[in-house]
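What TrEMBL says about this one:
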BINDING   53, 54, 55, 90, 203, 254, 255  substrate binding site
SITE      164  site 'Transition state stabilizer'
ACT_SITE  244  active site, proton donor
Ligand code: MRU
């Protein structure tokens, strides 16, 4: 998507043909920084410390990590060790495992002296495929927005609530939850987005709001607890969120707080949609609450908040007593019964095993 006059993806090969460049998302919206990652250790740090984040982008970054590893040492032992190292960076988003499995599968039939080249090629393909998947999600999601818009008075916007950042910054381009929104804007359908700030890392306030602002999408930032109130007062027409892992039976794991939004949506008859590319489906898991590993991050993310001071410096401030410990589960699971539909690249699936099987027969 455009930043100023320039089109960016979130990750792209460096001109040296070996490293990759990324948008370092830790500093947005205050500062737009691009950094180069040249080693597997740097790739692992960038994923674990959330320089890049969002399930699809984590997967693509790991794929490039394998390519970097293969340029260094293309043996099976090194391939396996690198896959294990990168897999350990973040436990919840299944796209990470999916991308590592794809790379391993591709390289398993390639001679060692050709592996580096094959790995860079496959990583680039996975990145391109992600963009196509998101555009397809956008087209299907747009139909839902159109249906809602058709019931409104002319010119009245479709009010969409989103949580966390499932925008272009969370993917290679377009985003999952945001793709239908961007396509609606392009189609001239009036939309307005309520952006949950998404404590503790504030991906909504820092990243989604930056995206909406940059692309001229009318939006309001709200605190995480405002959604239920706005739904009770008819201010939200639909919810669209992303997901880090969706089970074969349609349970949806996403950023902490998503479940509460789904409960409020159900209670108020607000449609709750989840946008996802098929690499986010974990066909091996049925019961999301029992089986999906939930990442517990450092409590300092809860105790401190990052922002910009009046001198334009990015600073971090403590918001709780020094002696207060903090828990920081990063994701939660929304049971399928609360999900109106799954917006996939193949169309809208009912959030159920038969619903997903109908669209993805082969995989199930
Ligand atoms: O911890 P993060 O920022 O990686 O969490 C991101 C999310 O929860 C997104 O909603 C999810 O990955 C879907 S991204 C298309």
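From the backbone N, Cα and C atoms, a Cβ is placed for every residue, glycine too.
In this structure, the recorded positions under consideration are 53, 54, 90, 244, 255, and the one with the smallest number of other Cβ atoms within 10 Å of its Cβ is 90.
Other than 53, 54, 55, 90, 203, 254, 255, the residues of this chain whose Cβ falls within 8 Å of the Cβ centroid of the substrate site are, in sequence order, 58, 93, 164, 165, 166, 170, 242, 244, 330, 331.
Taking every pair among 53, 54, 55, 90, 203, 254, 255, the residues recorded as binding substrate, the greatest CA to CA distance is 17 Å. Relative to the residue listed as 'active site, proton donor', the recorded positions with Cα atoms inside 10 Å are 54, the candidates having been 54, 90, 164, 203. It is 5 Å from the Cα atom of residue 164 (site 'Transition state stabilizer') to that of residue 203 (substrate binding site). In the three-state DSSP assignment, the secondary structure recorded for residue 53 (substrate binding site) is coil.
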